[in-house]
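Novice: Next up is a structure, given as structure tokens.
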Amino acid sequence: MDTKPKQPPGDSRWFNPQLLHLKVTLFLVFGATSALTPYLTIHMQSIGLTVEEVASVYLTLLFTSCLSPPLTGYLIDRFGRYKPVLLSSIVLNALSHHLIHFIPARSVGFAHRSVNVSFAGDGSSLLLQGVTCPVQTYLNASCSSNRSISFPTYIADDGTACGNFTIPECALSQELSPKTLFLVEEIPNTTEYDETFWTYLAIRFVAASMLASTLTITDPIALDMVEQHGGDFGREKLFSSIGMAIFTPLTGLMIDACSSGSGLRETVYTPAFYTYDLLLLGSLVSVWLMPIGRKAPSESVMKDTGRILRLPPVLAFLAFLFLLGNFWGFIESYLFVIMKAMGSPNYLLGLTYTVGTVASIPMMYLLESITRRVGHVNLLVIAFFAHALRILGYSWITNPFWCFPIELNEAISCYFMWVVASTYCAVLAPSSLVATLIGIAGMVHFCLGKGVGSFAGGFLIARVGLTLAFRYVGYVAVGCGVLYKLVHLLWLHKYDERSQADSDPGRAVEELVKRRASILPKVDQFGSALSFGGLARRKPEPTHGTAEEQVPLGKG
């Protein structure tokens, strides 16, 4: 029997006017998110927050990303309508994020310590004349340069490794002719966790909650509108990726343009905040005009959670998905930090998002055939190695423009990985619990994993420096990938064989691949579990024209 629901009249046209405001809203909301949130880590440093304080902020945001989606779901259930909740969250989202821009920079004094530096015999590393490693990884010369170069550094007397230190490029040509260099280390004299930190944390907590709330509602709205008015869910959600690919590098260009007139040492992030405001203002108009229907009654997730977590392969899957989230959270939080340390311009920071997004789109169309040939677990193992290559790559390069080949790994480690994880849920879980498992997996990976990775990564960077932290985390990613493969070979494979005997995983892949563009994880910076839970749903058989209820994805 043909289970495909009848589409509303006019759906065969290439342009559906009923979905115009949905396209515009997704483009503006996710374009706004990508215009500001990627730059917030380096903005925190620009107002004087230390790496450990940045890590503490991300630890706190872990709770907002886990609590906001259930609260948003409750409000929608309570009022029975999407539009008032979405409009309110957008307004509070814009106001709270704009307040971050007005937090005054911390007043920081510096103590100076002179450092004599020379090149090693091979010319590829620096030798320090002293007894201790400098506290800061950036050493200042008397000349000022927009670009800098990073070198492995050692204490000359005993060979102690100090990690990678960055010096201005101009110092190499102007001051290193006798092969010795007189540099100055600036040691900040500041008190951590002061009024600036607590003010930032309070405002950012509200802002992150409102952002998570805004992003949480978009997928259910898109699902409902596609169901009511026809169309393709994946095609509609593709506009969110287009917005991200455009506005991240565009914001970077505007930041560079404004900063160039304010002095070489000062970066002005005003364009990012005002771009965020303007895009959200446009989305308010679009949402107000959008024909959003009422919400169907929600299913109980808590009732089925216990049944899901009793399955050994599910526990292992969630544990390794949590680890993948750690690596993703680490590099997403500190990628711009290490690129800025290499002297990267801001527009290049934004292009890293564009490369990953564009590279992932053709891969989604190969999802079904690749999954059938390689297998879910093998692809998840490959995701660990892709994370490792991406993280290690930044610890090896000194020229930030090498980011382009490195960022191609993001298509596998981030975008493709989540689609594979979603389809694996359809293999592991009974058909009635697929949506529940995808929701749990989204929370474990995008909430808990990302938060812990950002927090632990910040403290590791504070202890060993940027370059060594990236290198250590990259090696751990390799080890986790090998461990997952061994665990599967020695134990978990028997559960997969049982699941495949009772189901057709190919059907699950076919159903989910129809929504390939909607499952891109980067569109949700804080991992809203409610939106993920809605991905594994299909339209039921029509009984009276348009279907309103959503039922869990079947297994074939």
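Don't overthink the numbers, they just go from 1 along the chain as shown.
Every residue, even glycine, has its Cβ placed from backbone N, Cα and C.
Feature list, courtesy of TrEMBL:
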type     : residues : note
DOMAIN   : 20-471   : domain 'Major facilitator superfamily associated'
REGION   : 534-556  : region 'Disordered'
TRANSMEM : 20-42    : transmembrane segment
TRANSMEM : 54-76    : transmembrane segment
TRANSMEM : 238-255  : transmembrane segment
TRANSMEM : 275-293  : transmembrane segment
TRANSMEM : 314-335  : transmembrane segment
TRANSMEM : 347-367  : transmembrane segment
TRANSMEM : 379-397  : transmembrane segment
TRANSMEM : 417-440  : transmembrane segment
TRANSMEM : 447-466  : transmembrane segment
TRANSMEM : 472-492  : transmembrane segment
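Would you situate these features in the structure and describe their surroundings?
Specialist: Counting residues 6+ beyond its ends, the transmembrane segment (238-255) has Cβ neighbours under 8 Å at 23-24, 26-36, 38-39, 218, 267-269, 271-272, 275, 279, 345-354, 357-358, 361, 517, 520, 522-523 in the same chain.
Here the transmembrane segment (314-335) has Cβ contacts under 8 Å with residues 41, 54, 58, 308, 352, 380, 383-384, 387-388, 390-391, 394, 413-414, 417, 421, 424, 428-429, 437, 440-441, 444-446, 448-454, 456-458, 461, 466, 469-470, 473, 476-477, 480, 484, 487, 491-492, 521 of the same chain, all six or more residues outside its ends.
Residues of the same chain lying 6 or more positions beyond the ends of the transmembrane segment (472-492) and with a Cβ under 8 Å from any Cβ of it are 312-313, 316, 320, 323, 327, 330, 377-378, 380-385, 387-389, 391-392, 395, 457, 460, 464.
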